[in-house]
Structures are given as C-alpha cells and as structure tokens.
C-alpha cells in the first residue's frame with residue numbers, strides 16, 4: 001500500500017497541452033462536421049451583414065431621423081456582438097490548443113474595426129440620401145465640390161479612410177486570422193472524417209456567396225487570397241505527415257475555392273465598365289456590389 005502511494009507521488013504531473021498539439025481524447029468529437037455552428041455562422045452573415053443594405057432599401061433612411069441610427073445600423077450592431085461569439089465558439093471546437101492572448105487580441109481588434117466601420121458606413125449612407133454617389137471618389141462627388149470651406153472635403157476623406165481602409169483592415173484581418181487558426185486544426189488521419197456530409201454541401205453555396213460579397217464589398221482581396229494560399233501551403237505541409245482535411249476544413253477550403261471562382265466571374269463581367277474602372281484604377285480591379293447597385297440599378301428607379 002505504501003509503495004503504491006509512493007509510486008503515485010513520484011509520477012510527474014500531467015503537462016498542459018502545447019501549442020499546436022491535437023488532444024487525442026477530443027479528436028473524434030471535434031472532427032465531426034459542426035453543422036450547428038456553420039449554420040448559425042452562415043445565417044447571421046446573410047441576415048446581419050449581407051442583409052443590412054437590403055434592409056436599408058426596404059426601410060429607407062427617410063423613415064428614420066437622419067441624426068439617429070437607422071434599421072441597418074441596428075443590424076450592424078447585432079453583427080458586431082454575435083459574430084465574435086460565434087468565432088470564439090468555432091475556436092472552442094478546434095482540437096488544437098492555442099494561446100488565449102492571440103484569440104482575445106484578435107477578437108478585440110475585430111470588434112474595434114467593425115465598430116469603426118459601423119460609424120463610417122452609417123454616415124456614408126446618409127450622404128447617399130443627400131446625393132452622394134458611391135461609384136465616384138470623395139472629391140469627384142458633386143456635393144463635395146460645393147462644400148464651403150473646401151477643407152471640409154478633407155474631413156470626409158478622413159471618414160472614408162477610417163471606413164474603407166483602417167476599419168476594414170482591423171475588421172477582416174482578425175476575422176480571416178481566426179478562420180485560418182481554426183483551419184490549422186482541421187486535420188485527421190481517419191479517412192471517413194474527410195467526407196463532407198450532405199448538410200455541408202447544402203451550406204456550401206450560401207457560404208461561398210457571402211464570402212464573395214465580403215471580399216468584393218470590403219475590398220479585401222489581398223487578405224482573402226493570402227489566407228487562401230496559406231491554407232493550400234498548410235495542406236501540402238500536413239500531407240507529408242500523412243494528415244488530411246476533416247469535413248470542417250474541407251468545407252472551409254471549398255467555400256473559399258468557390259468564392260475565388262465567383263470573384264473571377266464578377267471581374268470578367270464588369271471588365272469593360274468605364275465608370276467603375278475610373279473609381280478602381282489599381283492593378284486589382286474588383287468593383288464593390290453596392291457601387292454597382294447605385295450606378296446601374298438604383299438609377300433605373
């Protein structure tokens with residue numbers, strides 16, 4: 001009896017999981033397709049992000065005081081709260097152990113960037129009510145050319161910078177970073193866990209369409225394509241170890257692949273649009289859907 005107690009005392013304590021190590025006891029549970037999370041994730045993306053401008057069309061700004069939040073703004077607020085929670089839940093399902101500081105800093109940066117975008121986007125849509133045209137640059141807009149004093153245009157360009165550049169970077173870089181961190185744990189040695197169920201295939205197109213909207217409207221192709229290539233490089237690296245993607249990783253990879261195809265179709269379709277070409281003169285020509293709407297669809301009403 002005393003010898004057994006002594007042996008237990010001499011045994012070293014269990015060491016905590018190291019970064020990047022998959023816990024074997026949780027592997028079978030975590031490698032199942034996370035239908036609940038992916039369904040909620042896709043649903044709230046469509047309702048609260050993609051659906052936000054649609055709500056603003058159905059419930060126009062002139063139905064609300066211009067100095068108060070509109071219906072679209074409340075949708076954006078809900079998105080800023082729900083999406084970080086879903087991202088945290090997604091990371092909790094990952095079989096990979098990660099430093100909490102990385103996740104927390106990413107989530108805080110995400111919320112801050114999305115909140116900056118909320119303010120800038122809300123003001124920009126009120127400018128549309130006053131005649132602002134999204135397919136033109138800030139200085140090329142007629143309402144800006146009539147502002148007095150002219151230095152006010154600099155203030156609106158600063159607002160545009162916070163909205164379209166700083167806000168989008170702080171919003172989308174942590175977003176895709178968390179998705180990549182989750183993707184890095186989606187590998188298995190079991191062949192049957194690499195097969196996508198029917199439920200995953202049913203969510204593939206809605207998920208891809210949303211990412212298409214996210215990349216084109218957010219003008220974040222560089223962030224997206226960098227993440228996609230990093231995912232491909234990780235697949236090749238893990239393949240040498242005899243690991244393959246599980247159903248969750250395969251779903252994310254196929255969603256990004258279809259998104260890339262949709263972006264290519266979008267570019268080819270609008271390749272010869274001279275007005276949009278003027279607003280997006282860079283090497284990477286990817287017009288925003290909302291600018292396309294104000295230019296070609298809204299003008300028909």
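Glycine is no exception: its Cβ is also placed from the backbone N, Cα and C atoms.
The structure displayed is predicted, hence computed values, not measured ones.
These come from TrEMBL:
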REGION    1-23  region 'Disordered'
TRANSMEM  37-59  transmembrane segment
TRANSMEM  71-90  transmembrane segment
TRANSMEM  102-120  transmembrane segment
TRANSMEM  171-190  transmembrane segment
TRANSMEM  197-214  transmembrane segment
TRANSMEM  220-237  transmembrane segment
TRANSMEM  249-271  transmembrane segment
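Scored by C-beta pairs under 8 angstroms, the transmembrane segment (71-90) has its highest count with 37-59, from the stretches 37-59, 102-120, 171-190, 220-237, 249-271. Looking at 102-120, 171-190, 197-214, 220-237, 249-271, the range that has the most CB pairs within less than 8 A of the transmembrane segment (37-59) turns out to be 197-214. Through the fold, the transmembrane segment (197-214) approaches residues 33, 35, 38-39, 42, 45-46, 49-50, 172, 220, 224, 247, 250-251, 254-256, 258-259, 262-263, 266, 289 of its own chain, all at least 6 residues removed from its boundaries and within a Cβ separation under 8 Å.
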